[in-house]
Amino acid sequence: MPVKKYLLKCLHRLQKGPGYTYKELLVWYCNNTNTHGPKRIICEGPKKKAMWFLLTLLFACLVCWQWGVFIQTYLSWEVSVSLSMGFKTMNFPAVTVCNSSPFQYSKVKHLLKDLYKLMEAVLDKILAPKSSHTNTTSTLNFTIWNHTPLVLIDERNPDHPVVLNLFGDSHNSSNPAPGSTCNAQGCKVAMRLCSANGTVCTFRNFTSATQAVTEWYILQATNIFSQVLPQDLVGMGYAPDRIILACLFGTEPCSHRNFTPIFYPDYGNCYIFNWGMTEKALPSANPGTEFGLKLILDIGQEDYVPFLASTAGARLMLHEQRTYPFIREEGIYAMAGTETSIGVLLDKLQGKGEPYSPCTMNGSDVAIQNLYSDYNTTYSIQACLHSCFQDHMIHNCSCGHYLYPLPAGEKYCNNRDFPDWAYCYLSLQMSVVQRETCLSMCKESCNDTQYKMTISMADWPSEASEDWILHVLSQERDQSSNITLSRKGIVKLNIYFQEFNYRTIEESPANNIVWLLSNLGGQFGFWMGGSVLCLIEFGEIIIDFIWITVIKLVASCKGLRRRRPQAPYTGPPPTVAELVEAHTNFGFQPDTTSCRPNAEVYPDQQTLPIPGTPPPNYDSLRLQPLDTMESDSEVEAI
């Protein structure tokens, strides 16, 4: 019950309102507010009132303008970048090493046999077109060639370039097509790409035949390797005990067993040291060469795949623990026959994230499915870009590219199942829209670690020590008394911290909420002499104004409803006799005849009779003497 009474009281208070008029509220506010200016408006003479009103209005506008500037600056989410230096014992970076050739030619020769013969015939046509004979191409398998052939574009007449088939019609007839040859100065090699039905064809031009041949060979090799099982591809690569000859971390010996294998399609079998997936990351005791990682690698250059790997050396990359190594984009080469020393400096990048920076903390707010999540690695923008491209490949070409992970239920592209995949892939790769779409959807990681490298090289081994070093390494790996290694196939690496000083580049908000409140309060106090309480007072008067306005509107609506006019009486006014009869007609019978002479019959008289209600008998109208009423009251009391 007390709660009900309290609620009813509150309801009545709301319905009643503040109890003031607009003018009374304004006068009360000007008399009681702590803001400078309003009190002078009502206390001074007419001229000063006008002057103080204009000054108060002007300064109020200045305060609102300054507030708008500060709020806009705060909502721009600007950041300030600070650089700090630190010194501490740091974890040694993860080191990924690969061979430039993804496979051993001796193990993939049976897969590339037809492609190798076709490639030799292509080079013969490019280098010596007039000396080539028909019988040299009669044994070639043109199944691969017909999907994506190389052509010659004769540009001796720039206004009318002529496209020539590199082999003419020699694989279909005994006579070559006329005019199907031209010299190297007048022709350029291009790749012809056609859709499945052959109605749409484009040409990918190159400035050099070397680029055209290499690109075409990699495209055809991708078609072949995409149809091989992953475990078979791993077996065709370089084994860890064949590529890693010696390992030393600080003063502790290590071997290929301390490396985690991973298959990278561009470089085959790669091996990661100190990845930190199953073991704790190794710290570096001190800066300097003696406390880093020393490796001797055998790249086996004599077993490289022709045309697929034109660079001899080791490919390596330094990265943070539990991150996927994107060696093709971020790796470096170490040349064979040299000792490469890599000094490392550490930079830590720490971003604020949304809304200050367009970065992500863990990739959970990125709309792209991370195809590298199966490796249990952290998010990176390269993983997002590759996943985005693979998603576009599947959507546009109905298959995935061999170089990137494949979503569940999808298949890799190949000429047998997807005849026009090369046309679709290269069109998508050259699409600016695709790149911009992926760049807009992917975000940089807010927290990143970058390793700045200083690289120096020297010949290794020297001529004086080459013989005994190669003998020892051959004995350790092959148990052979003869030299089984070559200087052209070995690489020595020294990776170490130059110093333990590290830099932290950190973002911080340039304008935080404390900055905003202090500036808002400073401007309000400077121009108006007010505080937060003054704003509360102003808010109170605004609420009262709204309250009064609502009550007035409600009352006005109710008054309109009450004053709504009723339908007017259409008949003539009744006479005195009719009124008397109405009061004495206790049966409420309608009149059938009129008492007036020359009475006219109105149609509404029968339908709208005057009610005959007798006057009420009120006890209060009974007049009695005062003493009689008092006696009656006494009797009732008794």
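Placement of Cβ uses the backbone N, Cα and C atoms for every residue, glycine included.
In Swiss-Prot, the entry for N-linked glycosylation site among Asn141, Asn172, Asn447, Asn482 corresponds to Asn141. When the ranges 284-288, 339-343, 519-523, 614-618 are checked against Swiss-Prot, the one recorded as motif 'PY motif' is 614-618. Swiss-Prot marks one residue of Asn135, Asn258 with the annotation N-linked glycosylation site, and that residue is Asn135. Of the listed cysteines (Cys359, Cys384, Cys397, Cys399), only Cys384 is recorded by Swiss-Prot as the disulfide partner of Cys442. Swiss-Prot names the disulfide partner of Cys413 among Cys399, Cys424 as Cys399. Each of Cys98, Cys424, Cys438, Cys446 is a candidate, yet Swiss-Prot gives the disulfide link of Cys270 to Cys98. Sequence-distant contacts of the transmembrane segment (51-71) (same chain, at least 6 residues past either end, Cβ-Cβ under 8 Å): 37-38, 40-41, 44, 516, 519-520, 523-524, 527-528. Counting only same-chain residues six or more apart in sequence, the Cβ atoms lying under 8 angstroms from the Cβ of Cys247 (disulfide bond) belong to Pro253, Cys254, Ser255, His256, Asn258, Phe273, Leu293, Lys294, Leu295, Ile296.
In this structure the alpha carbons, written CA, of Cys187 (disulfide bond) and Cys442 (disulfide bond) are 41 Å apart.
Sequence-distant contacts of Cys399 (disulfide bond), defined as residues of its own chain at least six apart whose C-beta falls under 8 angstroms from its C-beta, comprise Met393, Glu410, Lys411, Tyr412, Cys413, Asn414, Asp417, Phe418, Trp421.
Taking the C-alpha positions, the distance from Cys194 (disulfide bond) to Cys384 (disulfide bond) comes to 30 Å. Cys384 (disulfide bond) and Cys438 (disulfide bond) are 8 Å apart (CA-CA, integer value).
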